[in-house]
Amino acid sequence: MKDEEGSGGRGRGRDRDPAAAPPPAISSPASAKAAGRARTVRMAEAPDLIIIPCAPAADEEASAAGSGGVPSAGAQQDTPDYIRRGGARHRVTPLELFTAAVSDAASPSSGDERGGATAAAPVGACVSEAAVGGGPSGPEKLRAAEEEEEEEEDASGCGGEMERRYGLLLREKEECRRLLEDLMRENEVKTRECREAQESLRDLQMELMRKSMHVGSLASAVEGQVKEKSRLCQLLKELSDKFKVLKSAHQNLRQESLEYKKCMVVDVTQMSTTIQQYVNQYASLEHEFNDLKEKFSEEAKERKDLYNKLIELKGNIRVFCRCRPLNAEEIAEGASTAIDFESAKDGELIVRGHVSSKKVFRFDSVFSPEEDQEKVFEKTAPFATSVLDGFNVCIFAYGQTGTGKTFTMEGIEGARGVNYRTLEELFRIIGEREGMFQYEVTVSVLEVYNEQIRDLLQTGATTKRLEVRQVAEGVHHVPGLVEARVANLNEAWEVLQTGSKARSVGSTNANEHSSRSHCIHCVMVKGENLMHGECTKSKLWLIDLAGSERVTKTDAQGERLKEAQNINKSLSALGDVISALATKTPHIPFRNSKLTHLLQDSLSGDSKTLMFVQISPNENDVGETLCSLNFASRVRGIELGQARKQVDIAELSRYKLMVGKAKQEGKNKDAQIKSMEETILTLEAKNKAKDLLTMNLQEKVKELESQLLVERKIARQHVDNKIAQDHLQKQNSMKEESLYLRSPMTERNLNSTAEKPAAPKDFGMTKHMFSDSNTDTYSFKQLMSLSEEKENNPEAGQLPLTTKARRVSMCNSGVYQQPLNPASRRTSLIPLPRRNSLIPPLPTAKPAAAAAVSSPLDKITEHLSPPLPSPPVVSNDKPSRSKRINSILRRSLQKKVIIRPPLVAQAGRKADAVDAQGIDSVRRVARRVPMSGGAAGQRVQQNRDKERGWNNNRTNLRRGSEGRL
Ligand SMILES: Nc1ncnc2c1ncn2[C@@H]1O[C@H](COP(=O)(O)OP(=O)(O)OP(=O)(O)O)[C@@H](O)[C@H]1O
């Protein structure tokens, strides 16, 4: 209790008023060591003061560990028991001693010692105040004061005693001090121990805390695991339930499947066919789908092609948009892009403005910064082909300064631009067309610098002043320009590079190597088609325009400012021209600048024109980018009309002449063909008539020949008879002579008679013989009867005439002798028809009807030669009779007579063919027309023609004419 009070009093005393009750000084250097843990009173300053440890270190530490001020009940509770006890002992012991000393000292009271007492009193008061803290309460104080007064009164009487006591007190004090020092040492040791204990306690507490935390975590883990276990148990339970359900379902399904299986066996074929059908249907649908897909893609391609064609027909200027990537500087500045290339494939480009909403532009092609030179040229390549096909082509790059115009047109080492690649393509195609075309390529390089045209291939300090001149309708040229003829790509590129190196380039804020002029590469191609000789003269302009720039932005000064002004002026003139073209204004201000004047041919319809609009992706350049894109959109809207092939004019006039000549020749040929056709027609008609006549004549000849045969036989018979008669007569006369005269001449006569065969000397005899009905030879009547007999019985008519003749002669003479030389007699008896007698008159000479009425025999009679007079019976008898004779004669012929076309007819044809002199084919045709005509004849004729290799034209010509006939 006392301890509590003391400590509380000390605490209170400290808290109450530090100024009023200053802390006691530290008494010794040893105690000063423990300055932080114990309050000490300095002995030097107050040698009379008793040093009392103000607060045990345990208290302070406990307070520090606890609330940091007054030790709380909790803190005291936390303080280990032995510390508390120790603390109490250290504090209580000196106080008790001190109190006892004071009480001892206070008991003797003397006046002398008052000063000392008074001097000690405050000390005691101070000590009591300091040690006890609040001290006794009010009444106790009064009592003590009274006692002190009494003691003071007593002290004055006993000074010696006081001194002794004082000495005692001092000794005690010394003792006390020693004790105190011992105590302090002990205290220190204890404090140390205490601290160590505290530290170990703290460690233990920490350990405990850790352990408890660990236990806590273990407990929570166990708790979690318990929970997990219960959850798993629950899950297991659920799963087992589910498993049971599934098992039963499985059983059911199995049952069902078995049932289905049973059913399936029946339906399986039907199902398989159905499935097959479905599969087939699917396959066909898939096929159809693929077809449709293919068709769609084809259609899309076709649509695109058609669109391109339409554009080409309209002659629109093609516009490709290309955006450069952000450069290192811009990236370092953290610039962001303002262009969206999402639909770049469809030729769309979106620009996001600062304030305004996004703006969409559409071009023929859009190239994002990622797309390389090769990709760009892929779409440019067709223009190179057009140049070789004879079209003027103009490719130019337009845009703000530093957006990559030079990069696109010229490129850099390892990434060649449009210029190089176009030349490469040109020479590649030239190589491909070798043998069919012949080309001549010339190159020139010029620039428009400060509104002046400069030839970049001209060496020397002084360069000529060049001007644009119109050399022909729609053809502008720069007279005096150096044109270097090149044979291959390397040469061409070298020349272009030479020119490019001489170009005016300067450094600006926007571009380190800024082009300060419009650079124009001109490639002229002269082509000749070796197949038909067509010549073309086309031009390819490759233009790298100088970049438009905002003078305020580039901060151009001096020469650069002048250049920039000129560049902007010419570009604005280009803008005016574009506007005029877009609005189809009748006057286009081409001559407002050198650039537009040069571009006049390319912008006024004869060319295929392509513009690259170059833009920057930087959002800081959005203003310029929008300007460029708007300009490009206007350019794209211009319709120049379909491009024209540039046929070489000099060659054109030559070809015109050639065409005129060819036309005239064609006309002449047509007239010739017409007249020939007419001739053929008449000849065909003639031939036809002749064929008809020939046929008739053949018929006649046949009949005549058969008649001749008969006549010949009859004549032979007659001659035989005559000879026989003569012979008989001679024999008779010889007999008579021999009988009567027996002259030597008889032999001679007989021989002479034998030498003379029965050569008909006079046909009058034959006539006589036929007319004489009493003659011994066959008369006509006999022949008639014979023929009639033969008609009725063919075998009967086959009696050889010779036999009959012999029989007749025998009847007449009784003796028959064979003629010695019958062969000579036969030849002499066959009269050949006169050549002229068989030439029939032309059909025109005699009407066809009359010809038909007169019988062939009549005609033969007409044309027969006088030496072969027709028998009297033939001429005198009626027509019916003559017919009968003919039939007899015909039947009497045992062999078939093969009739050849008469020579006369051939001769006649030849004569006709001679009429058509100079037309050999016609003559041949006329000669080869078959006798019989008709399809078979034509076929034969065709085969012959083929064999002889007649050309088709002639055959066609003949066929045509035959068809017409
Ligand atoms: N598509 C691109 N890819 C990579 N670099 C590019 C591209 N376009 C342009 N550049 C780079 O940008 C810079 C400027 O390009 P370039 O000189 O061609 O611009 P410009 O429009 O011709 O400028 P100016 O009008 O001032 O002559 C060059 O260093 C070039 O290499």
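Cβ atoms are placed via backbone N, Cα and C, with glycine included.
The region 'Disordered' annotation in TrEMBL covers 1-40 (among others).
Annotation source TrEMBL lists compositional bias 'Basic and acidic residues' at 1-18.
Residues or ranges marked as region 'Disordered' by TrEMBL: 59-78 (among others).
The region 'Disordered' annotation in TrEMBL covers 130-160 (among others).
Positions annotated as compositional bias 'Acidic residues' by TrEMBL: 146-155.
Annotated coiled coil per TrEMBL: 166-207 (among others), in sequence order.
Here TrEMBL flags 236-302 (among others) as coiled coil.
What TrEMBL records for 316-638 is domain 'Kinesin motor'.
Sequence annotations record features per position, and here TrEMBL assigns ATP binding site to Gly399, Gln400, Thr401, Gly402, Thr403, Gly404, Lys405, Thr406. DSSP assigns Gln400 (ATP binding site) to a strand in the three-state reduction.
Under the heading region 'Disordered', TrEMBL lists 860-882 (among others).
The region 'Disordered' annotation in TrEMBL covers 928-965 (among others).
Checking the binding-site residues Gln400, Gly402, Thr403, Gly404, Lys405 against ligand 1, the ones whose Cβ sits under 6 Å from it are Gly402, Thr403, Gly404, Lys405.
Here the binding-site residues are Thr403, Thr406, and the one whose Cβ sees the fewest other Cβ atoms within 10 Å is Thr406. Looking at the coiled coil (236-302) alone, the prediction's average pLDDT is 86. Within its own chain, Lys405 (ATP binding site) has Ala397, Tyr398, Gly399, Ser515, Asp544, Leu545, Gly547, Phe612, Gln614 as residues 6 or more apart in sequence whose C-beta sits under 8 angstroms from its own.
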